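S.K.: Please find one structure pasted underneath; my questions will follow.
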Amino acid sequence: MFRKVISIASVIFVFSFWTSSIGVFIPNLSSECFNCLCYVSTKCDTSHQCTGGYCGPFNISRVYWVDAGRVTLPEDDAERNHAWEDCAREFSCAKRIIGGYLSKFGQDCNGDGVTNCYDYMMINGNGGYNCRPPLNRSANGRRWLKRFDECRRSIPSLE
């Protein structure tokens, strides 16, 4: 009985850790996966401002931010005109945007029966409403696939 209580407490602790870092628990969305998603987007350029309506190290658009739940920096107001840009440019806030989006749209995009970092990369590349098309159809998609492969090779736990 004591062992069962410790196991349940461990699960609650892990779940609490996940929920406090991004707001919800999302299977297989590890810190390594976040790093790869960031690398795929901008090579994780934390100085990246906004270009063509995409902001921050994850290259987040306003539409993505809205779909993610309009996450803001602490003490900010989602109704403020540039709240989304400020959050997208700040790494930990941008991670919460990504977490919100993936909690809404997370699914098995490549049909292998597992929802993992590759699927999250496909969701970010294709959008949450239609993540299944192969990314190799466009130059941008091929760049994302190349960067994801580079990142995955450097992090064995993503294999």
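Note that Cβ sites are derived from N, Cα and C of the backbone, with glycine treated the same way.
Copied straight from TrEMBL:
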- C33-C117: disulfide bond (DISULFID)
- C38-C44: disulfide bond (DISULFID)
- C87-C93: disulfide bond (DISULFID)
S.K.: Just the number: how many Å between the Cα atoms of C33 (disulfide bond) and C44 (disulfide bond)?
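M.R.: Counting only the Cα atoms, the answer is 12 Å.
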S.K.: Ten-angstrom check, please: count other Cβ atoms within 10 Å of the Cβ of C38 (disulfide bond), all chains counted.
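M.R.: Other Cβ atoms within 10 Å of C38 (disulfide bond): 22.
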S.K.: Please work out the number of neighbouring Cβ atoms within 10 Å of the Cβ of C117 (disulfide bond), leaving out its own Cβ.
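M.R.: Result for C117 (disulfide bond): 23 other Cβ atoms within 10 Å.
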S.K.: Could you list the residues of the same chain, at least six apart in sequence, whose Cβ is under 8 A from the Cβ of C87 (disulfide bond)?
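M.R.: In sequence order, the residues whose Cβ lies under 8 Å from that of C87 (disulfide bond) (at least 6 apart) are W65, V71, T72, L73, D76, C93, A94, R96, I97.
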S.K.: I'd like the number of other C-beta atoms within 10 A of the C-beta of C44 (disulfide bond), please.
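M.R.: Its Cβ shell of radius 10 Å holds 18 other Cβ atoms.
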S.K.: To the nearest Å, how far is the Cα of C117 (disulfide bond) from the Cα of C38 (disulfide bond)?
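M.R.: That separation, Cα to Cα, works out to 12 Å.
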S.K.: Which one is it: of the disulfide-bonded residues C33, C93, which Cβ has the fewest other Cβ atoms within 10 Å in this structure?
M.R.: C93
